[in-house]
């Protein structure tokens, strides 16, 4: 997250895309809410006598999924739970957070019946507030234009008030040291020069030194500070639009390519259920989390096509982005993007042929606007098969009487993609399913840096810590972090799993052989020490500290030769952890970012790493706080929380728009199958070793 002006601009786009539209419900219990259902939820809440105060604004409306045992029974049969039929009827409910009379109200709404009805109501009494609404941001944006001190500040900088746009920034939480506003829902606002004729890169032209404090419930400016005047960076050279950059386009370019699938797509979508190769899973949508992947199972061809469970439910739980400038106008830039702004609500409409290739299939989503009416998020999820020229497995045999020959199988994967634009940053969030049984989760960052105006034009002029990089004249790209935390409820062949640390430790060769062999001159080696995590404290891991294979196993399921079936966690770069002091307020709110791996017992209410009410949260209701109970995680239904972390030191190549950088994790079968599940995959037709006459592919 950065400056919110673009985020607010998206509000206009979202509101203009579409309003309520009916969509057919495919009767899967994890399907996201439809437009018709959101309309019914709104009517039920507004009709409830439990909240007499008006107006009432909707901040979150999401699926209140049925209890996990019931969903498992529905999806996999009665062996997984108490129910007796996979076609059982499950409750269809929604969870709603709405504000009225200065209070946050929680509703559970029954939407399975013909007429939706409120089942329960509560008032949130603790710290924190729900996500901002579109109306919050739009109304706050209008305040500065008639505020005399702001008009004067703009004039002092040689600007006209009509040239400036402002946006809402969460103020974070800073304990007793933060000015007291009586527990009000207070934000801060900063401004930029907005002149799209000069440049689309409004973030490159900040009105530095000016900060406003806004009470969103009163919708009034309650604090104002113009500390100092800084040079407004020029517009020249900041634009990234094609018609402003060129033609001629003289940069490096590769010849265009196309995706050709002569036999059509290899995957099938029915409602929100997806089947591809040996995978089956459900794709959902949530206005806070964005894409939700559920009930992912893989078919084991060596076991007669048995459908084996891997992931019950997975989604981005939070994105924490603290900036490293402690100055007055910057110290509070410590965003929790999902909990404050909503990833699904800010999902971008995917550009066909650019964000996703020509062979992609698209899905829409619906979420509730601040008035409770459904808003259509069109083409926000795409699915496509990726042919990247990678190899699934290969070997060349050059030994023996058989002569030289090679066996190669190309790697084809299925990608589920969403792009979320939170202010200046664009996050491409991929779930990539592999035929070997792996799920690779990739976070790719692009967009615009959050920039600070400064009076320097050359690095030789700088004598102090500017908390960033001078990336062009009068412009600092501020140091910051990105911590993307995933909630991954792994169910490896069932719900009772354990977390294993296969610690890789060096050993000195003593010369004593267990098998009685002769001593050798070898002096050292490494081996693996098997450690079962008993409690949550033992399930917390900084993967940078010591080498280890981290596994999730089902102790009750073993291979034919006796190994516990499992999946291992494979980080792929982006393993940074927070460097903030433990007593710093942003770190207290996001203390789980000190380690990449946390393992907790499953709890339906523990979904959001930053807590249900992330805006102005105090850290008392977050992942680290829950884990202080130190519950058992051995042979239990457990959840993996994994954080992809990046320390971002900006460079000039990140300006005016950032090339994409990525981090990833993969969960990969480890003794889950009896052998390589791709061994019976048919070779490509043009392979010199093609056994095309020998049946079909597995």
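Heads up, the Cβ atoms here are built off N, Cα and C, so glycines get one too.
A quick note: this is a predicted structure, and the numbers were derived from the prediction, not measured.
Going by TrEMBL, these are the annotated features:
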ACT_SITE  337  active site, proton acceptor
ACT_SITE  425  active site, schiff-base intermediate with substrate
DOMAIN    28-113  domain 'Copper amine oxidase N2-terminal'
DOMAIN    130-230  domain 'Copper amine oxidase N3-terminal'
DOMAIN    259-678  domain 'Copper amine oxidase catalytic'
MOD_RES   425  2',4',5'-topaquinone
SIGNAL    1-20  signal peptide
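Residue 425 (active site, schiff-base intermediate with substrate) counts 24 other C-beta atoms within 10 Å of its own C-beta, drawing on all protein chains shown. The Cβ of residue 337 (active site, proton acceptor) has 28 other Cβ atoms within 10 Å, all protein chains considered. When pLDDT is averaged over the domain 'Copper amine oxidase N2-terminal' (28-113), the result is 89. Using DSSP to sort the residues of the domain 'Copper amine oxidase N2-terminal' (28-113) gives these counts of helix, strand and coil: 25 helix, 24 strand, 37 coil.
A distance of 11 Å separates the Cα atom of residue 337 (active site, proton acceptor) from that of residue 425 (active site, schiff-base intermediate with substrate).
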